[in-house]
Number of protein chains: 2
Amino acid sequence: MPVRLNQTDSGFESAFAAFLETKREASPEVDKVVRDIIADVRARGDAALIELTQKFDRADLGAMGIAVTPDEIKAAYVQADAKTVEALRFARDRIESHHKRQMPKDDRYVDAIGVELGSRWTAVQSVGLYVPGGLASYPSSVLMNAIPARVAGVERIAMVVPATGGAINPLVLVAADMAGVTEIYRVGGAQAVAALAHGTETIEPVAKIVGPGNAYVAAAKRQVFGKVGIDMIAGPSEVLVVADSANDPDWIAADLIAQAEHGGGAQSILIADDAAFADAVAAAVDRQIAALPRPEHAEESWRDFGAIILVAKLDDALPLVDRIAAEHVELAFDEAEAFFARMRNAGAVFIGRHTPEVIGDYVGGSNHVLPTARSARFSSGLSVLDFVKRTSILKLGPEQLRQLAPAAIALANAEGLDGHGRSVAIRLNM
Amino acid sequence: MPVRLNQTDSGFESAFAAFLETKREASPEVDKVVRDIIADVRARGDAALIELTQKFDRADLGAMGIAVTPDEIKAAYVQADAKTVEALRFARDRIESHHKRQMPKDDRYVDAIGVELGSRWTAVQSVGLYVPGGLASYPSSVLMNAIPARVAGVERIAMVVPATGGAINPLVLVAADMAGVTEIYRVGGAQAVAALAHGTETIEPVAKIVGPGNAYVAAAKRQVFGKVGIDMIAGPSEVLVVADSANDPDWIAADLIAQAEHGGGAQSILIADDAAFADAVAAAVDRQIAALPRPEHAEESWRDFGAIILVAKLDDALPLVDRIAAEHVELAFDEAEAFFARMRNAGAVFIGRHTPEVIGDYVGGSNHVLPTARSARFSSGLSVLDFVKRTSILKLGPEQLRQLAPAAIALANAEGLDGHGRSVAIRLNM
């Protein structure tokens, strides 16, 4: 049964606080295994990749090669369903258009005393993209991770994806190709992350690794962090729907289920201002789940992590929404814009009754890689910014140095850094 | 003796590659100790802070209180050297002016088919700032960490600083006050990080923790990451000076020493196109270090990690500069701008003969918290962007939903997510 909370109940605050602390995923202890795998790949390169892939993915890379060939990509276009390929292209174009607006601008200026300052953005030179195998091998995720990198100007986008049992989903290859991935390797797990970070005979090392993965992949990313950059470690997905009683309960139920069906700790939360409406949604959820061809994940997530929170009026939901800081927030009521203007924490917001979150998963144009587990309080979804870095610029002439010198020397002396003071003073014969 | 490399030597590539891999700091195994401290602070709150502070900092917080009082801050202004306070104010104003230019702009637009998209930036609501105690208690670092947070609009900026032996550097309190820090607590170490992340009776939890610290602080930040955001884990500082023979060897030597005197693995590298000039710089470094009142750190860093790299012409240095990806890069030659235009990786660049890196440490206006240990390949210095987060926005009407639906449903079906497809289809009676 999903949690039921009522903001006007006396015990609400402690129950809500406990709800926020609910752990939704196990953290298996895999650090040692992962450390050994990374050391093995560093020591033996391709040979280790081939051996580990035989063991974990039951695929013979010695025979089929580590790198996916251009011919295989061509073949994937033929194997893939034509309508789906068309949908991928449609999504690609929309995602690309949106992300092109995210490129940060350089800044260079001269201040009042003639000091030149600036910031210059350049692309990360090479990026590795991890794509899970099996059921979670989503072509849409390939687009969402690769397109911002390409828009940023990354030259090398190296994708790794396990060929579980020897095969890779052709749609994943197609998505990679149309998103601008430059290299594809059929390796997965911690060994793939190790290869991207440290390089092997076949795989050149990259500067940053992005993309979702299981506990082994996440642990490997943490371990190679520093040697390379990494994106956020994504947790289970979540949606928070704020809805009034003017909604069709079936629509809202469908949105809650769409999130829950991800399973693995996915969370769906409804905040409503009408108990009868909330009951109607709950009933619709049960009815619709039962009608799903594969109900198990949705059933389990809704039962274990689902929540319905009643508030006296939707305005009262504002502090709750900010504390939940959900990955996805649907605002399905007339005053959604005014509510959003006062909100603070959300990975993405879906405004109005006709914007189901699923649109953002695929074809809205915005990115579906978003902060989970309340991390929208301090972090943002994936964007072009994740694939660029800034160099700050200073340029002084002798006159500017003279003007800044006294304060710089005073602070250097106060911090006991004599050499710092000297490097300024020596230029002014001080 | 610093490393000497010559790009035209046959063994250069392997020697340079080995140089890039040099480890400059020990990674003591403190994870277990830190885990216990965090658990203790979570369990016992203020009582744990008081006990741990008595043990590690020899300060009685039971008597003096955990929070620094407004009267103590007033007293600090009186105790501090007036000229240094003036220099801090000068630095504060310059840093603030520069960082005000970094605030990202919101974006909201309607695309060709009427879909509304956007990105909205909001400040992180509360930030914790770690300030080390003792010798590394730098008021300039307080400014560099707190000012971007205040410019971003962070409401709560809670500073923690150990009162080693009971005392806090008055300049640190003054810098905090003038930079807009809203709360100051005299705790340090892993216990301070734990208190910021999880809260105690006195310290409210924050959403993100920034600032440098020792191995315990770094380990604690890694452990609380996820619960809160953290900034980069800073490594030892480094400077790379690219200089031609028209420079005064004494100036360049002074810049190399300014970096080396940080000690603790700090690295100073010179790339020059003239062997006689390089020799003159090396001689000047030795001479100037000997003349320092506290030569030990500079001597050790220069000996253990210093490097002089000769190239036939400065243009040849370009790939080396990008591979070193230094925190600070000084370009001390006439064609510096053209060189910089072709460079890719650096935390900050200092252009021309009159821009010693030290100006950026204090009063240039740009931030001195910059990526170390080659991480400028994939990350940037601290900025206002570290204290804001982005919410992406989607808004469709029924007509837009109708247009996007077929591709969204096709992709949902291809990924086996029936509930996803349904949440779109149900709104269109499909």
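From the backbone N, Cα and C atoms, a Cβ is placed for every residue, glycine too.
Substrate binds A:SER237, A:GLN259, A:HIS262, A:ASP361, A:GLU415, A:HIS420 as TrEMBL records it, and from the list A:HIS198, A:HIS328 the residue named for this site is A:HIS328. Filtering the binding-site residues A:ASN214, A:HIS328, A:ASP361, A:GLU415, A:HIS420 for a Cβ under 8 angstroms from any Cβ of chain B leaves A:ASP361, A:GLU415, A:HIS420, in order along the sequence. DSSP gives A:TYR130 (NAD(+) binding site) a strand state. Nearest neighbour of A:ASP361 (substrate binding site) by Cα distance, taken over the recorded positions A:TYR130, A:GLN191, A:ASN214, A:GLU327: A:GLU327.
Cα of A:ASN214 (NAD(+) binding site) to Cα of A:GLU415 (substrate binding site): a distance of 46 Å. When each of the binding-site residues A:HIS262, A:HIS328, A:HIS420 is scored by how many other Cβ atoms sit within 10 Å of its Cβ, A:HIS262 comes out lowest. Recorded residues A:SER237 (substrate binding site) and A:TYR130 (NAD(+) binding site) have their alpha carbons 18 Å apart, per Cα-Cα distance. Taking only the Cα positions, the spacing between A:GLN259 (substrate binding site) and A:TYR130 (NAD(+) binding site) is 22 angstrom.
A:HIS328 (substrate binding site) sits 23 Å from A:TYR130 (NAD(+) binding site), taking the CA atoms of both as reference points. Its own atom aside, the Cβ of A:GLU415 (substrate binding site) has 22 Cβ atoms within 10 angstroms in the protein chains shown.
Taking Cα separation as the measure, A:TYR130 (NAD(+) binding site) is nearest to A:HIS262 of the recorded positions A:HIS262, A:GLU327, A:GLU415, A:HIS420.
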